[in-house]
Amino acid sequence: ICDIAINWAGGLHHAKKFEASGFCYVNDIVIGILELLKYHPRVLYIDIDIHHGDGVQEAFYLTDRVMTVSFHKYGNYFFPGTGDMYEVGAESGRYYCLNVPLRDGIDDQSYKHLFQPVINQVVDYYQPTCIVLQCGADSLGCDRLGCFNLSIRGHGECVEYVKSFNIPLLVLGGGGYTVRNVARCWTYETSLLVEEAISEELPYSEYFEYFAPDFTLHPDVSTRIENQNSRQYLDQIRQTIFENLKMLNHAPSVQIHDVPSDLLSYDRTDEPDPEERGSEENYSRPEAANEFYDGDHDNDKESDVEI
């Protein structure tokens, strides 16, 4: 058992119950959160991929056991087209779904201006006992499918800030289509999570040439895309989110109920494998001499039995 778990191969946040979507064929996030709910009363899901985490939102839209917070590009028919600020959940999950719709070109300073106050308020109101953080790297500048201007350090600041709450944390990968920068980003964020400083200069490996021409951990990934997220626009989003948070019940409780078994807690109730060694049951089981024969005349053994 550990306080932080990392799976950079995960974070497939678009897959739905009945369909694959957006390069995501199975929603490992939803499956993971369902397992966490067997042990944690409240799970907070945070998504910093440039695309809206629609599959996770859909799965938990009607419950207060999971709060979803997604920071993403919204508008101009950008995939998947969901994630409006007014999608807030329904029924028991009303106001437990927060969407932060952003415009093109957002930079480190603007992102931090919104991310840290929002997450701080969410943690204060919801008091999660576990956090799942999806770290899609397509929100970096220079991503082939992205239109944000985050640096690797700026992206990492989000991870470091979530870690600072000292709440059990599951960190996942996600999107990212300029592969060399994805590798840099998740390497850097791994170092932050394990609190191990690493060199700015990349060590030589068989993939060294992929990181030309600078061969560094933090290249300049800024683009010429104008930051369309004015301070007024960001403050308006923040104010709306804070108003929604005031509608929440602080730290919603969970009714007493049976907890489904997980994969590790199933008892062996089936027949033991006769080929498995070390089981006394395999040796104590009586076996009839003619068990595998149709009758007394169907016998290929040497026997003194008179027929």
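In case you wondered, yes, glycine gets a Cβ from its N, Cα and C as well.
Of the residues D107, D108, D124, D138, TrEMBL places D138 in the same divalent metal cation site as D49, H51. In the three-state DSSP reading, D49 (divalent metal cation binding site) counts as coil. With every protein chain in view, the residue among the binding-site residues D49, D138 whose Cβ has the most Cβ partners within 10 Å turns out to be D49. Taking the Cβ of H14 (active site, proton acceptor) as reference, residues of its chain lying under 8 Å away and at least six apart in sequence are, in sequence order, S21, G22, F23, C24, N27, H51, G53, D54, G55, P80.
D138 (divalent metal cation binding site) carries a helical DSSP state (H, G or I). All protein chains included, H51 (divalent metal cation binding site) registers 28 other Cβ atoms within 10 Å of its own Cβ. Residues D49, H51, D138 make up the record's divalent metal cation site, and a Cβ search at 8 Å around their centroid adds I50, H72, G136, S139, L145, G146, G174, G175, G176 from the same chain.
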